[in-house]
């Protein structure tokens, strides 16, 4: 077989257990049809790792693709799209700013600087396991028609209710029921934030759950969480839950397949 050069990355799995995978990554020009020695070191290894490999051009390309896919699977964080919905004045944008403040370790906009959303606000954060993109959509009656334009690509829903404004509960319930009936959100995990827990006269998340009595909740993972977008209480617990649900959700598998990401590793 004629010899040719392929510059590639070889990823050797040198140890695998239930708790971790250790990888050695080496870059080398591999001679197709000849033995090519590759030597690499890794943190925690007592000795260097050396391997002699024999490649065909097709196998080299296939192995590179497999190695790159494995690398992405282990080290690249999954990106999830999360809708933030709710009727107007529920505190959605204030909540988004507080989420950014908690995870990005920087001050977001203060409540007195936040104006009602007309259209879309986008926020991005990372936690230990995932990247999250939040789509905060305006809650005024005339703006709710645009919500469904974002349903197909959403992995989960955060629905925000002003738990201190009993006069808004019926509208909030009606709007949420319409969201949950939409086919494009089938199976999407739902996190309901009973917001404004810092205010007097607020109801708890348990009381809100009893009031809503949503039949549609049987069709998806859901959680009620008492939060305050003002002081941050309860927010991280809720976000941790929704990330965990998205990671195990069948909907996530469907969205990956739709994006053509299955079969790459």
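Glycine is no exception: its Cβ is also placed from the backbone N, Cα and C atoms.
Within 138, 139, 142, the residue that TrEMBL lists together with 86, 87, 88, 89, 90, 91, 92, 93, 195, 196, 197, 198 for binding GTP is 139. Of all Cβ atoms in the protein chains displayed, 26 besides its own lie within 10 Å of the Cβ of residue 90 (GTP binding site). When the binding-site residues 93, 117 are compared by the number of other CB atoms within 10 angstroms of each CB, 117 has the fewest. Neighbour density for residue 92 (GTP binding site): within 10 A of its CB lie 29 other CB atoms from the protein chains shown.
Taking only the Cα positions, the spacing between residue 88 (GTP binding site) and residue 117 (Mg(2+) binding site) is 9 angstrom. A 10 Å cutoff on Cβ-Cβ distances gives residue 86 (GTP binding site) a total of 29 other Cβ atoms nearby, all chains included.
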